[in-house]
Each structure stands twice: as C-alpha cells, then as structure tokens.
Amino acid sequence: MGEGQQYPLGTIGALSLSVVSSVSIVICNKALISTLGFTFATTLTSWHLLVTFCSLHIALCMKWFEHKPFDPTAVMGFGILNGTSIGLLNLSLGFNSVGFYQMTKLAIIPCTVLLETLFLRKVFSRNVQLSLCVLLLGVGIATVTDLQLNVLGSMLSLLAVVTTCVAQIMTNTIQKKFKVSSTQLLYQSCPYQALTLFVTGPFVDGLLTNQNVFAFNYTPQVLAFIVLSCLISVAVNFSTFLVIGKTSPVTYQVLGHLKTCLVLAFGYVLLRDPFSWRNILGILIAMVGMVLYSYYCTAESQQKATTAEATQLSQATESESDPLLSVENGGGSLTDGGATRDPEWNLNKDLQA
C-alpha cells in the first residue's frame, strides 16, 4: 500500500493499542489497589518503567529496532521531567479531592494549547477549539463531583499540569527534531524516568498512604497482579510515545478522556460501580466533542495536503514550461567547443528544404 495509506493505518493502530492497553491496566490496577490493598502507585510506576526498559533492551538485542543515540542532556532532562510529572500527578490526587483532581486533568488540554500557541506558533482553528470545549464540558459533567480547594493541593496541581504539558510537548518535538522513533526515545529515556520514580516513589507513597512499600505483605495473588500490570505497562508506555509522535500532545489528551469514559462504562458493566444519568449525559457530550475534534482535524489535514499538492503541481508546471518559453523567445543557445551558436539553424534548414 502507498505511503499515504500507511500513515492513517499506523495512527489508527497506535490509537487502538493505547486505548486497549490503558483501559486494561486501569482495570488491573484497580483490582490491585482497591481489592488487594496495594496502594503504592508511584513505586508501581517505577517498576512499570523498569520492565519497559528491559523489554525494549531484549527487543534491541533481537534487532527489532535500531539504537540511535542523540543529545544525552536532552534525554536526561526529558526523562527526569517525565518522571517528575508522574509523581506530581499522584501527589495532586493525594492532596486534593477526586473532583479537583479531575479538574486538574481537564486543565491539561487548554494548557497544552496555550503553550504550543505561544512557544511553537501552532495555530488551532476555531472549530477545533469549539470541539475541545464540548469534550471538556462532557468529561467535566461525567467526572467532576466535588471541588474542595487547599493551597498545597492547588500548588501541586499547577506544577503537575505544567510539567505534564511540557513533557508531552517534548515527546513530540524531540522525535521530530532528532529524527528518532518513539521506540528509540522511550528506550533512552526510560532509565531516567524509572530512576527518578524509584528514588522518590517510596517517599511519595509513604507520604500519601502512611505505609512502607517494603513492609507490605506480598502474597502470590498480589505478585501475580503486579507482574500482569508491569507487562501491560510495556504496551501503555510504547503506545503513549507512539501516539504523541504520530499525532500531537492535544490529540493524546483527547484520547485520554476517551479512556476515562470507557473506564467509567466498563466499571459500571463489569464491576457494578455506581452510575447516574449525569455520568451518561457527560459521556455522551464528551463523545460528541471527540467526534467533532476528529472530524475537524481530519478535514483540516486533508485540506492542507490538497493545498500542498496543488502548490507542488504548480511549481512543477512552471519549471517544465520555463525552458520552452526561453527557446521560443530566442533565449536558448547551443555551444560547440565553447563557441556559441545562434538558434538561426532553423532558418538555414528551411532554406535547404
């Protein structure tokens, strides 16, 4: 199939993998945390990243992808920033109400749009902005319940939003700037992310749960769910970098809200979680926003592609017509041994005839 068809198929595959793996790991972690009492989310994330790195290293040894080193300072800064954003999101959840935490997640899209507009000069059309507003309204209706504010929680949420936005924008820009794939970037940044969370994880989890992760009773059932969660996380981390690289940070956040709606629906169907008409209304509005966002982004991409093709065709036509015009105007000349011969050979040929 042509390159123009492979890109949409690759993007759809990345989006599908991200949705399936993320919903799966949420269900697995919910059983691990709620049912089995393993509440050490930050430390668990560090194990996720460690397993992801080991998996990618095995893939590298099997030559499934090529190692492409690039600026080590950029890799280190990006990895530490990514790990820090994860820890801050967990702290934000711990020091705020669930409703305020959901508002924090909703704020990531407007913040990302603002940062990309100010620093990357990216333009978001009015239709795209409108569809994002519809999406955020729906997710807000479905997930935000109570809004209890406190100074420390608000500061942590602000830091979490900013670091998350910058990290996701860097995920996209680094891949394009250094011409590395999502796998190559993930492989090189994973150790720094894992180390950041491995060092800070026990402290953060102890602060939030008043428990020691190393003193927890690791039963076979707990270990089995931890191993399953780590294996699923490989697909989650890989698809995250893949989606942001192929699309944009804003599209990844829109996809994240789709996952939220799916998790709510699966929680009601599979786990019999409480569900109200407000949740249903919010999910439906969010779905409308996602459909509008997809439609407008696709239409604008097709319009840009058509414009680019028309421009290239026009340039090609002009370049082909220029030599003909120059010959007709007598501007062309033939050289023989450095001497210039005038185009009047046509006249001599006519006289001989």
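Going from the start of the chain as shown, residues are counted 1 onward.
Using N, Cα and C of the backbone, Cβ positions are placed for all residues, glycine too.
Whatever TrEMBL says is automated annotation, not expert-curated.
Pulled from TrEMBL, these are the features on record:
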- 21-294: domain 'Sugar phosphate transporter' (DOMAIN)
- 310-353: region 'Disordered' (REGION)
- 12-33: transmembrane segment (TRANSMEM)
- 45-62: transmembrane segment (TRANSMEM)
- 74-93: transmembrane segment (TRANSMEM)
- 127-145: transmembrane segment (TRANSMEM)
- 151-170: transmembrane segment (TRANSMEM)
- 222-244: transmembrane segment (TRANSMEM)
- 250-271: transmembrane segment (TRANSMEM)
- 278-296: transmembrane segment (TRANSMEM)
(request) Verify whether three or more Cβ pairs under 8 angstroms connect the transmembrane segment (278-296) with the transmembrane segment (74-93), leaving out any pair fewer than 6 apart in sequence. (result) no
(request) Using a Cβ-Cβ cut-off of under 8 Å, list the residues of the same chain that are 6+ residues beyond the ends of the transmembrane segment (222-244) and lie near it. (result) 14-15, 17-18, 20-22, 24-25, 28-29, 31-32, 36, 38, 44, 47-49, 51-52, 55, 168, 171-172, 175, 182-183, 185-186, 190, 216, 251-252, 255
(message) Can you tell me which parts of the same chain pack against the transmembrane segment (127-145), counting only residues 6+ beyond its ends and a CB-CB cutoff under 8 A?
(response) 98-99, 102-103, 106, 109-110, 113, 250, 254, 257, 260-261, 264, 278-279, 281-290, 292-293, 295-297, 300
